[in-house]
Amino acid sequence: MTLIFTPVGPVLETCKNRERAEQSRAMARKRASEPTTITTKEAIVTSDKETKPPPPPPRETSNDQPIAPPKKGFIFKLSLLLIAPYSYLLLFHYQIQHDLIKPILINAGLSLAGFFLTVKLIPVASKYVLKRNLFGYDINKKGTPQGTVKVPESLGIVVAVVFMVLTIVFQFLNFAPDSNWLVEYNAALASICFMTLLGFIDDVLDVPWRVKLLLPSIAALPLLMAYAGHTTIIIPKPLVPYIGLKVLDLGFIYKIYMWFLAIFCTNCINIHAGINGLEAGQTVVIASAILIHNVMQIGASADPEYQQAHAFSVYLVQPLLATSLALLSYNWYPSSVFVGDTYTYFAGMTMAVVGILGHFSETLLVFFLAQVLNFLLSVPQLFGFRHCPRHRLPRFDPQTGLLTGTNDGTLVNFYLRMFGRKTENSLCVHLLLVQGLVASSRVWTSLSHASHNFGTRERHWPQARVPSFLIMAPD
């Protein structure tokens, strides 16, 4: 009989291993039955899905954030101030023929619709331009929280598109296919549309300023080719004894003058800028002055062709004023959108068109007197005699919120150097008041039968009835 002896040590070791494995499995089952918490540097995640709180809503990206609402109260007060004189002259002061006032009122109704349409479309368009990285930062708010906000750029494209739609619809409603004014009307729209396209290209490609001077000269060609008005000017009375003529026919030179006028009007809005509300604000003020001037000329003259020329101007300026007011409701301080070169080129070309085809281009220069002064101050830098920085803006102090004028040749800086530091909003109000005072003085001069008049067509000054409250009783 053979006895086999098994070592006791290995057997005991095997039993211990089995016991440890069983304990490990029991602990694993216990851990699985309890919620497991994992702690990291950033968050604590609990595996118990029933007790886990709901995730927070996703934060909006900068492209999804809505822009500030329009400043309706300010625009309403401004509209009453600017439109009330024009409405009074049109509806009550003058006895304007029905065939003239009817299309003007139809155009005014379309313009009102265009105002509300523009207000609705600007927030929609701002989302698209932000997605395409067409935005800027407000330099005059650098160092403040507002200076870090992405402001959508080139929103003037909305104004231009709505304007073109309104004018085309009005053309369908008002002009007959054989109308003598249809050629000039279409030429005007072609120049405005061409300039809007070039302005948007400038916003996207950032064209050098020397090229910018040439863009309006191309866009003005359809207008000049269709122009069939006078080419004469009236010599101011103080100069008649020296020249020996009361009326001077310039011929082809007058068209060259109009060409330069279109270039100037388009660029002067663009260079008189840099603070919230100034570009759209100056357009609104000048457009209001043009409307008042036109209705005065229509009410005073008995020449049908002359009346129709000024009515033609009204047809284009009313939509411009309405859509610009809508843009100003977003662009006024603090601005939630930037107008871009698209708007400045569009507005400048539109006013040049109405001045040329309305036969009051010389008066238009008086309305642009602030822009003329700004251009004269800018000449040394624009033509390379002095260093010209990219942004000729005043210096902003984030501690006080005031702007200080620099040595750059702009009317904005000149005004600050003359009258001291101001807030951005206050500065814009002051500059627009200066613009309005100049335009009002020209309108009042026309109303008071001034002796110094300019332009062949502008010699028919209004025989207006001055309201009785403006007539002083004799002593």
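Yeah, the Cβs are placed from backbone N, Cα and C, and that goes for glycine too.
Feature annotation from TrEMBL assigns region 'Disordered' to 18-68. Positions annotated as transmembrane segment by TrEMBL: 74-92, 104-125, 155-175, 182-201, 213-235, 256-275, 281-300, 312-333, 345-377.
Proximity of distant same-chain residues to the transmembrane segment (345-377), defined by a Cβ-Cβ separation under 8 Å and at least 6 residues beyond the stretch ends, is recorded for 156, 159-160, 163, 184, 188, 191-192, 195-196, 198-199, 202, 215-216, 219-220, 223, 227, 229-230, 233, 257-258, 261-262, 264-272, 279-280, 282-283, 286-287, 289-290, 293-294, 297, 306, 309-310, 312-313, 316-317, 320, 324, 409-411, 414, 431, 434-435, 438-439, 442, 446, 454-458. Take the transmembrane segment (281-300) and the stretches 74-92, 155-175, 182-201, 213-235, 256-275: counting Cβ pairs under 8 Å, 74-92 has the most. The stretches the transmembrane segment (213-235) and the transmembrane segment (256-275) are in mutual contact, each linked to the other by at least three Cβ pairs under 8 Å (pairs 6 or more apart in sequence).
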